[in-house]
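Annotation comment: TrEMBL describes B:69-91, B:103-122 as transmembrane segment. TrEMBL lists B:His78 with the feature heme b binding site. Sequence annotations record features per position, and here TrEMBL assigns ubiquinone binding site to B:Tyr90.
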Amino acid sequence: MNAILRGGVYGRCLTRSLLSSQCVPLRASSSIPSEAFFEKQKALKRPLSPHLSIYKPQLTTVLSISHRISGIGLTAVVYGMAIGALASKGQFPECIAAIQAAHVSQAIIIPTKFLTSSAFFFHFYNGIRHLCWDMGLGFTIKELYLTGKIVVVLSAVSAAYATFML
Amino acid sequence: MSLLIRAMPRTALLRASILKSQPCLSALAKRESSTGNHTPLWTAERAVSAALIGVTPLALAMPNPATNFLLSLALTAHIHWGMEAIAVDYVRARVVGSVLPKLAMGAVYGLSFATLGGLMYFNFTDVGLANAILMFWKL
Ligand code: HEM
Ligand code: HEM
């Protein structure tokens, strides 16, 4: 009873305050925190929030930062390819032939493939998850964890398939 | 409520669609600017992300000049906006001074132009982006 009551009251308060009275349309100038506000925050020397070394990692936060990290990793590959194409004189098939001639061990090639395909598939599936959120879908805690787990499993299976079967 | 909004990073937060229509929040909207309507840009970013869901597998399944062109264009736009968001989030004038954010943003633009140029050059004078990925995967 108590819990229901609390949930109901808080829920309604939050909705109301988001939707109406307390959310006064602010002009751009008044909505940006003042210099004094930031000076005060700086002087307080607050730790980063959430305090990363003591904040419990959760599926939600881990996948969130992983989307960014995989995006940056994939970007590094594309930057490298594009700038490599501009900088090098040779054609790509020659480059592939040179790698073949070097007889790079499968102990390097397989982890490389698994790492890049994991990053790609995770970012791909989680990107779809992001776009669903952008349409307003899947915001309950239950859905967040369910879709998160689906993304992890799909990425692992796809990356394993791409690494070992293609 | 207003303290909560104020304490948030200025860049993003508002992307969540529930909050999108709140005028008080959109005043703090994206990127460093606090004026103008950013909805079309936000929508364009999502449209390009959504297009990649189709264009990426398509180009890998049928690598040809048209799919290579589409993939390179969509990918460069997507990467540009992604890296721009990251630069805005982590290289903030409040924290690192006023010079570094400009350098970071310049780097993002420079890399994006180089990427678009490089990928297009590669598509026209070499095997093309999708083929290169497939060739690498055969190693
Ligand atoms: C270890 C914990 C956390 C991690 C790893 C994390 C990670 C991230 C990442 C990667 C983004 C990038 C934005 C995106 O993907 O669109 C983000 C955005 C954001 N985070 Fe967190 N976060 C954490 C905890 C929190 C907490 C506790 C709060 C609030 C109480 C919070 C509030 C926000 C807000 C408001 C944004 C901007 C939202 C947006 O861009 O749509 N985060 N976070
Ligand atoms: C193929 C399908 C892909 C889809 C559906 C997709 C989807 C997305 C989405 C929706 C976001 C925005 C996340 C947010 O709201 O903050 C995003 C961010 C990003 N993506 Fe992708 N993406 C794809 C491929 C790629 C590729 C191949 C790369 C790099 C080569 C890439 C690099 C990035 C980067 C750097 C970000 C910024 C990360 C951030 O703000 O946290 N994406 N992606």
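Note: Cβ is positioned from N, Cα and C throughout, glycine not excepted.
Because TrEMBL annotations are produced automatically, they should be read as predictions rather than curated entries.
With a threshold of 8 Å between CB atoms, the same-chain residues lying at least 6 positions outside the transmembrane segment (B:103-122) that come near it are 69, 72-73, 75-76, 79-80, 83-84, 87-88, 91, 128-129, 132. Of the listed binding-site residues, namely B:His78, B:Tyr90, the sparsest CB environment within 10 A is found at B:Tyr90. The residue listed as 'heme b binding site' is 19 Å away from the residue listed as 'ubiquinone binding site' when you measure Cα to Cα.
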